[in-house]
Each structure stands twice: as structure tokens, then as C-alpha cells.
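Engineer: I'd like to ask you about the structure that follows.
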Amino acid sequence: MSSKRHILTAVAWPYANGPRHIGHVSGFGVPSDVFARFQRMSGNNVLMVSGTDEHGTPIQVLADQEGVSARELADRYNRIIAEDLVALGLSYDLFTRTTTANHYAVVQELFTGLYRNGYIFSKTTKGAISPSTGRTLPDRYVEGTCPICGYDGARGDQCDNCGKQLDPTDLINPRSKINGETPEFVDTEHFMLDLPAFAEQLSEWLKSKGGEWRPNVLKFSLNLLDELQPRAITRDLDWGVPIPLEGWRDQPNKRLYVWFDAVIGYLSASIEWAKRTGDPEAWRKWWQNSDAESFYFMGKDNIVFHSEIWPAMLLGYSGKGSKGGEPGSLGALNLPTEVVSSEFLTMEGRKFSSSRRVVIYVRDFLERYDADALRYYIIAAGPETQDTDFTWAEFVRRNNDELVATWGNLVNRSISMAAKNIGHIPEAGELTDADRAVLDASKAAFATVGERLNRAQFKAALQEAMRVVAEANKYFSEQAPWKLKKTDPKRMETVLHVALQLVSDAKTLLTPFLPASSNKVYEMLGGTGTWTGMPRLEEATDSIGGEEGVSTYPVITGDYADNEARWESIPIVPGTPLKPPTPLFRKLDQSVVDEELARLEAAAGA
């Protein structure tokens with residue numbers, strides 16, 4: 001096995017019915033970027049892909065309400081979301097969208113392969129329609145009481161309270177989410193994915209993940225196997241990917257269900273990336289090599305799609321379900337190595353809700369605060385393994401106490417004293433036991449933090465990295481180089497050399513978490529070139545969804561290989577010129593808490 005691993009970082013696709021809020025990016029965004037950046041620094045071949053999920057009824061309904069087409073609405077939020085994720089520093093190799101001709105072609109190929117192998121069949125079911133409009137009500141637009149747990153607010157596809165999968169006809173007292181009326185149920189023909197045909201294969205695969213996956217994800221996924229039922233993969237609507245079969249392709253009101261096409265986006269985005277890089281077959285290194293690895297990042301409400309449905313689709317397309325079959329034209333495809341799910345982030349004790357305006361959008365947040373401050377909070381205090389509440393008081397405290405007073409303070413006092421008194425990185429004289437101990441601990445942290453990051457234990461990894469910062473601050477205070485200036489200037493230079501090496505190490509350890517500020521520290525230490533790559537927007541041109549003509553849309557990409565960052569202690573170079581540093585982070589006034597709470601209450605009450 002090559003020492004360089006091929007690692008697919010597959011990031012859940014944000015839905016393009018509005019801007020994304022900080023709860024969204026705490027689940028799919030920041031954790032996946034921390035992981036991808038670390039793996040790149042470790043020398044691995046990373047492919048990080050995602051895009052906007054643009055089909056389905058919610059977009060169609062919102063577009064109708066605004067008097068625009070579904071396409072226009074998707075175009076608007078595709079751009080807004082892409083701009084916000086770039087501002088947050090998420091290092092996608094490709095962030096695209098589900099309305100490209102490439103995506104349509106790959107989705108239809110997956111459907112065709114599954115159908116040919118016998119894992120898709122048609123069935124007449126009961127579909128909900130609005131009595132007043134005659135329009136179809138997809139399952140997510142039918143609500144009612146869950147027949148399992150009694151929760152009043154279960155959707156027609158799933159109860160968020162107990163996690164059980166449902167159909168609209170299962171609900172007690174069903175009602176339309178749009179206007180509250182009781183829906184009518186009529187016969188309609190749909191295609192179904194035969195999930196029970198994968199029960200044995202899914203069980204064997206999931207049980208092999210014991211000790212590797214987060215316990216909550218594995219337990220939830222195994223429980224899903226107890227209730228495997230065929231699941232509809234088509235819907236009665238005109239906004240989505242056409243069904244690629246004779247007699248169905250041209251039906252105006254039958255489309256593939258949005259969840260079916262969205263999970264295929266990981267594959268279609270990888271194929272699109274390969275085409276854009278000039279090597280159309282390159283995607284296969286991440287999807288078909290036996291030693292390739294794939295990590296899927298999402299919030300816990302999407303576990304079912306990634307640990308049950310998508311693996312079933314991959315097995316069926318590859319001809320590996322209970323009915324056998326042959327791989328489709330793309331070839332056999334790898335199952336996920338790990339499904340990495342975060343829990344939910346709440347806000348000041350309340351569930352995020354765009355409709356009730358209990359929300360802060362990424363764009364609004366970044367207009368007032370630094371991206372790295374948000375990234376730090378999400379990892380340090382976020383919902384990695386349990387639901388967590390975002391509070392402005394805690395955000396301000398962590399920003400001021402941990403970023404400004406701890407890490408920022410170490411950077412400032414170490415570099416400023418060396419720049420002022422020496423003007424460059426000094427030579428190290430003879431090292432004392434204290435010098436060697438703190439340097440050895442700093443070097444050892446790369447293995448400790450790296451092991452945590454490899455296992456997607458981001459909070460623990462950040463704590464270990466910040467422990468290096470704390471020990472460096474302690475060393476600086478105890479050695480008191482400002483006192484040595486007159487009594488022992490050579491010793492002062494040695495202490496400053498050690499302190500600057502610790503700053504350099506800490507910068508490297510914190511790079512996956514805090515890429516923008518790590519670039520600043522690299523420059524403050526006299527570094528040249530790019531330390532760690534940052535994402536950028538590019539305009540892409542493609543025919544959209546098989547329609548006539550072409551469309552221009554933004555994609556996120558970046559140059560992440562051509563930089564200096566690598567996961568090891570890199571010796572600083574004596575003689576490198578130093579300039580007085582600028583503040584690394586902004587200290588926030590306590591008044592921010594009251595201002596933001598007032599802003600939240602005003603919005604929620606509007």
C-alpha cells in the first residue's frame with residue numbers, strides 16, 4: 001500500500017432554498033474542512049467535493065411564492081451559498097451544483113444500472129394531493145402525528161423525534177404544510193429502490209465498522225436495518241432529473257426524487273472535477289482503488305441517506321446486492337469508509353429556524369466577526385458528539401480568552417520582542433532541560449493531534465493543539481526573556497528562538513482549524529510563498545440539466561497542493577528578518593452579547 005492515501009472527503013450538499021446558517025456549517029462544513037486540510041498536510045491525495053442541492057419541492061414552492069422560476073431561485077442561492085463557504089475558508093477541490101448536465105448524466109446512469117440489475121421496480125402507491133390546487137404534495141410537505149412515538153410534527157418521510165422512516169399515509173391526522181388542509185390520497189405509480197435486497201450486505205458492512213465510527217452513528221445505522229422497506233425514488237413533480245426509461249423520460253410530471261439524485265452528487269462532482277483538471281479518468285483513484293478511503297460529513301438528520309440508502313445504491317450499481325448483477329458502465333464503486341455525523345447546534349436555547357428567524361446566517365456572521373473565530377468555536381464548543389447550544393456569551397469568551405489572550409498573545413509577545421530587540425530569528429545557544437522538554441512536547445504533539453484528526457476527533461485534537469500553546473506561554477513567562485536582555489542577552493536569544501519555534505509548531509498544529517490566521521503567522525515569521533491554500537470562486541460554463549443552451553455559474557476550487565504546509569515540526573531559520581506583528585485576532589467587547597441578543601429578539605419578533 002502506498003504511503004500516500006487517496007482520501008475522498010464527501011461533504012453533504014447544502015440545499016439551495018436560502019442562505020446557510022451557522023448551524024448548517026457546524027455539521028457539514030467546518031469539520032470536513034479540518035479533516036481535508038490535515039490530510040493534505042500529511043501528504044495524502046485528497047479530493048473534497050460537494051455542491052448545492054437544487055431539486056425538490058421546497059425550492060419549487062418557494063419559487064412559486066416569490067413569483068420566479070425554480071431555476072432562478074436555485075441560481076440565486078447557489079451563488080450566495082458558494083460565496084459564503086469561500087468566505088469561511090472551506091477548501092473544496094470542487095463545489096458545484098446538481099443542475100449540471102454532467103450531474104444529470106451520472107444520476108441517470110446510476111438509475112439505469114440499478115434498474116438493469118433488478119434493484120429498482122415500479123409500484124402503484126398512494127400519493128398526497130392538495131384538494132384546493134390539485135398539485136402533488138411530496139412527503140416532506142405532509143405533516144401529522146407519528147404513529148410510532150406520537151410526536152405531532154412528524155413529516156411524511158421521517159419523524160425527527162424518533163428517527164423512524166414514514167410514508168404520508170402512515171401519519172395520524174395528516175395535514176398540508178403549505179396551507180394546513182387535509183390532503184387527498186390518490187393512486188400514482190412510482191419507482192422503488194429495493195432496500196431489503198441489501199439487508200445482508202449492509203449488516204455485514206456496518207458491523208465491520210465497530211470501533212471505527214462514532215458510536216451514535218453506528219448504533220443509529222444498525223437500528224435502521226430492522227425496518228428496511230422499499231423506498232420510492234420518484235416523485236410527481238416537474239423539477240428534477242427525468243426518469244431515463246422509455247415511456248417515462250418525457251413525462252412532464254415525473255422526476256427522480258431529490259434525495260436519490262443528491263447523494264449521487266458525490267460521484268458526479270468527482271467526475272466533473274476530473275474533467276475540469278484535464279484527466280477525465282482521475283476520479284477512479286478515489287472511487288475504485290481498493291485502498292482508497294472515503295469519509296462522508298453531514299448533520300445527524302442525514303445519516304440514513306449515507307449509511308443505508310447511498311451504500312445500497314453503490315452495492316446495487318456494482319452488482320453486489322442479493323440479486324447479483326453486473327457493474328454499470330462506470331464500474332464497481334467503493335462503499336464509504338466512514339460516515340462522520342455531527343449532532344445539532346441550537347442557538348441561545350432554541351432550535352435554528354429560518355422561518356421563525358431564530359437564525360444567524362453565515363454571511364451576516366462574517367460581516368461582523370472573523371471566519372477563524374467561528375471555525376474555532378464550532379470545533380471547540382460545537383456538536384461533535386452531542387447537541388450543543390451556541391451562545392453569544394460563550395462565543396465572546398472563547399474569542400477573547402482562548403484566541404486573543406492565549407494564542408494571539410503568544411504570537412504577539414514572542415515575535416514582537418524578537419523583532420524589536422534582534423530584528424530577525426535568533427540563533428539558539430546551548431539548550432537547557434526546560435528548553436528541550438518544551439520543544440520535545442511540541443514535536444510530540446504532531447503524533448497526538450494527528451491521531452485525533454485521523455479519527456475525526458476534532459474537539460480533542462484542538463484541545464491538544466491548544467495545550468501546546470498554553471505550555472509555550474508558560475515557558476515564555478517562566479523564562480522571562482525581557483529580564484535577560486541586560487543580564488544574559490545570549491540566553492535571551494536562545495529563549496526567543498525556542499519561543500518562536502513553539503509559535504511555528506503551534507501555527508502548524510492549528511492550520512487545519514484556523515487556516516487564515518495561520519497564514520498570517522507564517523508571514524509574521526518571515527515565511528515566503530503560500531503556507532496553506534485558500535478557496536476561490538471561478539465561473540464555470542456548462543449546459544444545465546440537459547436544457548438547450550449553456551449557463552454560467554460559480555464553482556469553488558483552489559490550489560491546495562502547491563503550498564508549504566506539512567504536518568511536522570519545521571525548524572525555523574535563524575537570520576530570517578522579522579517585523580513587528582499585527583494583532584492576530586480582534587478582542588470583542590462584552591457589549592456584543594447584548595447587541596446580538598437584541599438583534600436576535602428583534603428578528604424573531606418581526
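Glycine too: its Cβ is placed from the backbone N, Cα and C atoms.
According to Swiss-Prot:
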MOTIF     14-24  motif ''HIGH' region'
BINDING   Cys146, Cys149, Cys159, Cys162  Zn(2+) binding site
MOTIF     351-355  motif ''KMSKS' region'
BINDING   Ser354  ATP binding site
Engineer: Within 10 Å of the Cβ of Cys149 (Zn(2+) binding site), how many other Cβ atoms are there?
Structural biologist: 12
Engineer: Who are the chain neighbours of the motif ''KMSKS' region' (351-355) in space, where the CB to CB distance is under 8 Å and they lie at least 6 residues beyond its ends?
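Structural biologist: Hits for the motif ''KMSKS' region' (351-355): 18, 21, 23, 344-345.
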Engineer: Summarise the motif ''HIGH' region' (14-24) as counts of helix, strand and coil residues per DSSP.
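Structural biologist: Helix/strand/coil tally for the motif ''HIGH' region' (14-24): 3 helix, 2 strand, 6 coil.
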Engineer: Let's see if you can do this one: DSSP helix, strand and coil counts over the motif ''KMSKS' region' (351-355), in that order.
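Structural biologist: The motif ''KMSKS' region' (351-355) comes out at 0 helix, 1 strand, 4 coil.
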Engineer: C-alpha of Cys159 (Zn(2+) binding site) to C-alpha of Ser354 (ATP binding site): distance in Å?
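Structural biologist: Spelling it out, the Cα of Cys159 (Zn(2+) binding site) and the Cα of Ser354 (ATP binding site) are 20 Å apart.
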Engineer: Among the binding-site residues listed here, Cys146, Cys162, whose Cβ has the fewest other Cβ atoms inside 10 Å?
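Structural biologist: Candidates: the binding-site residues Cys146, Cys162. Fewest Cβ atoms within 10 Å: Cys162.
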Engineer: Sorry to bug you, but what's the C-alpha spacing from the residue listed as 'ATP binding site' to Cys149 (Zn(2+) binding site), rounded to the closest Å?
Structural biologist: 26
Engineer: May I ask for the distance between Cys146 (Zn(2+) binding site) and Ser354 (ATP binding site), taken between their Cα atoms and rounded to an integer number of Å?
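Structural biologist: Each residue's Cα considered, Cys146 (Zn(2+) binding site) and Ser354 (ATP binding site) end up 24 Å apart.
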Engineer: From the Cα of Ser354 (ATP binding site) across to the Cα of Cys162 (Zn(2+) binding site), what is the distance in angstrom?
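Structural biologist: About 23 Å separate the Cα atoms of these two residues.
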